[in-house]
């Protein structure tokens, strides 16, 4: 009975998502349906932490979503809410749309309308992991919520108060899915280690956790000692119809052929901006992390038609394009060499409909932003086992390549870079307890931190001062990473603008939420949000986003404007 209900759910979810994309015909692969339903049943009956590994396009999302919806059909409950945890912001928007499509589809099976919410660093109003049956969030937001660092706080009689234990309590009774888990990594392998501790703590408290992935390395899983069952699906999957060719030298704009749906993925924002400005194709767009949200959408609209990339269009970008895109008709990929797991993601962008596609791998201008250890190991693998990249079209060969590159020696070399941060995290976790103030001191789940930069039209509200609206935040926010408060890019930005602001208060006026601002006069230490007037960055920001070359010493401070900030 349970199996039949899960079978029905997986079918309805698959068809609903297909129809939402405007596909001319939608059908369920009957040869996979029974395997998907069986995997969903294993997850439903399991406790603790379970691994779900399957190739891209196998239907992992339907597998781990079905058990949550099945609770309403059975009238038996294991979790009141589901957290879908993504490693990158680029994945959130499409996954939210997907969950909304699913929630609407299951109403036809007799389920109530389930709420889908977002809670992460780019939302205007943080929910602190509360606010929906299904909550879309990031690894950072989940981890810092559990660690009592991202919580609701206020001052009462001169004393700070906060709901420090609320996120941990919500998570301990929840169904948590770590989606695209193979992307949870960094140059010091700090994230996998700290997250492994958090996941096991939550599982021991009663949470059900699914680790969903295509090619997670075994060295990652070793940091989750509480891992229980493993579900590996899709063995013997047919090799994808993508011709991979490794080319000598670095990618030049004139080598990009126009006339078919094409994607170009390079390793740095500066390279993406340069190629975008040089490529001569008629329809072109660029997308990277240092762009306002509305500008990303405007760029994409230039090359999309009916939910697909136009036949004569080129889409250019950075790692932001590796995930979160579901354009089935891309026919050509031009990419720089990157760690093997990134190459797998990039090659996975083309030929998704089964038709023939091509992928060209060029040498990178340098190793940055990736660790030299991984770049060296990937180049060696491309020369030998991967046959110049051709083997990356096979899921099983790709998994073996990931394990070879992320071997114990390589990962140990990465981990030595983050020993101090990991030691701080362990000490913090030992002191952390319910119903008390969080421990003092810093804790990180990755070497880099982020500030939210909002580029918007700053307005004046009489004597109340300058402000921006909630809509301005939604349209104009982006994330800037830093490893220390001496970050040269952020300091250069603050020196080049006449005035920078931070948020001092929030109020509702004229049916809109307003964020009132105060000038950022000196240090940005402790500041999480920086606001800059759009008119003040006209020389630094254009249709291709923030000009990072100027923030790396390529530009001069504007005459007669700005103050030097330390």
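Placed from the backbone N, Cα and C atoms, the Cβ positions cover glycine too.
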Given ranges 175-178, 179-182, 183-186, 187-190, the stretch to which Swiss-Prot attaches the annotation motif 'DEAH box': 179-182
Close in space, distant in sequence - residue 56 (ATP binding site), Cβ under 8 Å, 6 or more apart: 214, 348, 395
Tally of DSSP helical, extended and coil residues in the motif 'DEAH box' (179-182): 2 helix, 0 strand, 2 coil
Residue 58 (ATP binding site), number of other Cβ atoms within 10 Å: 21
Three-state secondary structure, residue 59 (ATP binding site) (per DSSP): coil
Residues within 8 Å of the 54, 55, 56, 57, 58, 59, 60, 61 Cβ centre (excluding the ATP site residues themselves): 214, 233, 234
